[in-house]
Each structure stands twice: as structure tokens, then as C-alpha cells.
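Copied over from Swiss-Prot, here are the features:
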TOPO_DOM  2-23  topological domain 'Cytoplasmic'
BINDING   His22, His40  bacteriochlorophyll binding site
TRANSMEM  24-46  transmembrane segment
TOPO_DOM  47-51  topological domain 'Periplasmic'
Amino acid sequence: MTDDLNKVWPSGLTVAEAEEVHKQLILGTRVFGGMALIAHFLAAAATPWLG
């Protein structure tokens with residue numbers, strides 16, 4: 001087994017592949033955070049003991 005200098009340890013992805021995965025992970029985190037923010041706002045608005 002030879003070492004591929006284009007691969008990043010320990011994932012075995014290339015730098016471009018790792019950057020693409022990271023970009024999608026950040027996007028997913030932002031979408032999840034936005035949905036959570038909306039859900040928390042709706043829960044706060046709908047519960048009488050908080051308002």
C-alpha cells in the first residue's frame with residue numbers, strides 16, 4: 001500500500017473532497033440552527049406561561 005500525497009490523514013479524502021464535505025456540514029448546521037430558532041420562537045409564542 002503506497003501513500004497518496006493528495007490524501008489527507010486520517011479521512012483518506014483529498015483536500016478538495018474534505019473542503020466540500022466541510023462546506024456541506026456547515027450548511028447543514030446553519031439550516032438546523034435556523035429551524036431550531038424558528039421552532040423555539042413558535043414554542044415561546046404558543047405557550048401561555050412564557051408570554
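Yeah, the Cβs are placed from backbone N, Cα and C, and that goes for glycine too.
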Confidence summary (mean pLDDT) of the topological domain 'Cytoplasmic' (2-23): 86
For the topological domain 'Cytoplasmic' (2-23), distant same-chain residues with Cβ under 8 A (at least six beyond the ends): none
Number of helical, extended and coil residues in the topological domain 'Cytoplasmic' (2-23), per DSSP: 9 helix, 4 strand, 9 coil
